[in-house]
Amino acid sequence: MITTLPGLYLVSVGIAKPAAWLFGWPGGIACSTAMLRFINLLFSVGNFYLLYLLLSKMHPKNKAVSGFQNILSTLTLAVFPTLYFFTFLYYTDPGSVFFTLFSYLMCLCGNHKTSALLGFCGFMFRQTNIVWTIFCAGNVVAEKLNEAWKTELLKKKDEKISSMKGSFSDLIRILQFLIEYLISPQNLITLIALTWPYIILVVVFFAFVFINGGIVVGDKSSHEACLHFPQLFYFLSFTLFFSFPHLLTPTKIRKFLLTLRKYPVQYSLIAVISLFLIWKFTYVHKYLLADNRHYTFYVWRKVFQRHELVKYMLVPVYIFAGWSFADTLKSKSVFWILVYFVCLFAVTVPQKLLEFRYFILPYLIYRLNIPFPSLYRQLLELAFYIFVNVTTFYLFLNKTFQWPNSEEVQRFMW
């Protein structure tokens, strides 16, 4: 029934065995529940430090941000509820996040061989982490494309680089530039020379998929890939919920309404496409309907199963969430945004099961890359995360229940 590669177990043996030898512990202690959970506590400490280093690396010139705010943002992301809860259990998420963030940091520092090696470790924790290895390679490519694009604009004496995020004609110009750049053998050789460690890892991944007969090990029947486009909508709603201090503000709502008024045809088309994708590509996994220990079970039952039309009525929320999400990333280059959205699509859409843990890494990478919010919004976000964590831990510890066909104690969790 275990569907992931044994990365967590290999690390556990690598820590528990030497610790048992060093301290003279018997096997019962070295492989106890407490010791195994302690492995994830170590990953949690590592994640805190990596988040701090990533924030410092991404926002070095922001003099308006104090050291206190940097640490506050780090603390907020470290206690992000969906990740923080599994810090205290024996799950793959803390280790998966640790190696992926470490790989991302090494990529930003230009250590691409180390980044690819760490990406392989992340892949050993969860196979879908190969997408974030591709994201690291995409960062390198996006940086080169952005440099070439700026040079192109300077040649044409058009320094309004921000215009590349504007009208449809600007989009066509970017696509033409992208095609011209990528069909040049010299440019391709340059990009391959920069990203070859990641390319090797991707080749290894495809070899694994071919030999294994799919990306999933273990129970393949319960994790079949499909085109589940509404997963993007669920992720955007998830992000809107957990980043509401940044995304759901009166200013943003006003700006969104003005944008709707300015581009009614475009947003009507987006709405129609969204309705079609929900109609034709909504899937409901058997685990979602059967396992009442998780938030997703209650979200589906209390919201989506209220009425057949509810899933369509949420389209305006999805469109606002998507617009607000994209608006917070406008400081990034168009090529970085393209790479991120391709990876977001690849990591969410093929999943049939609605599972909030699948959203942890795309959410953290998004949250790391948006501009620093005000101190008030950071404090509000932290307070909200603490409230959600306290509530979830209380339910897990105190509101146990039993299934009719089992004597085991069941606990409510993420």
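Cβ atoms are placed via backbone N, Cα and C, with glycine included.
Note that TrEMBL annotation is computational and uncurated.
Some features that TrEMBL has for this protein:
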- 7-28: transmembrane segment (TRANSMEM)
- 34-55: transmembrane segment (TRANSMEM)
- 67-91: transmembrane segment (TRANSMEM)
- 97-125: transmembrane segment (TRANSMEM)
- 188-211: transmembrane segment (TRANSMEM)
- 231-248: transmembrane segment (TRANSMEM)
- 269-289: transmembrane segment (TRANSMEM)
- 309-326: transmembrane segment (TRANSMEM)
- 333-354: transmembrane segment (TRANSMEM)
- 374-397: transmembrane segment (TRANSMEM)
Contact check, the transmembrane segment (309-326) vs the transmembrane segment (34-55), 3+ Cβ pairs under 8 Å, seq sep 6+:
no
Tally Cβ pairs under 8 Å between the transmembrane segment (188-211) and each listed stretch (67-91, 97-125, 269-289, 333-354, 374-397), then give the stretch with the top tally.
97-125
For the transmembrane segment (67-91), distant same-chain residues with Cβ under 8 A (at least six beyond the ends):
8, 33, 36-37, 39-41, 43-44, 47-48, 51-52, 55-56, 59, 97, 242, 356-357, 359-360, 363-364, 367-368, 372, 375, 378-379, 381-382, 385-386, 388-389, 392-393, 396, 413-414
Highest-contact recorded stretch vs the transmembrane segment (374-397), from 7-28, 34-55, 97-125, 231-248, 333-354, CB pairs under 8 Å:
231-248
Counting Cβ pairs under 8 Å that are 6 or more apart in sequence, does the total for the transmembrane segment (97-125) and the transmembrane segment (333-354) reach three or more?
no
Give residue numbers and ranges for long-range contacts of the transmembrane segment (333-354): same chain, 6 or more residues beyond its ends, CB-CB under 8 A.
128, 131-132, 134-135, 138-139, 141-142, 145-146, 149, 164-165, 174, 178, 223-229, 231-232, 234-235, 283, 285, 287-288, 296, 300, 326, 361-362, 365-366, 369
Distal contacts, the transmembrane segment (231-248) - CB-CB under 8 A, six or more residues away:
80-81, 274, 278, 314, 317-318, 320-322, 324-325, 328, 344-345, 348-349, 351, 354, 356, 359, 362-363, 366-367, 370, 373, 377-378, 380-381, 384-385
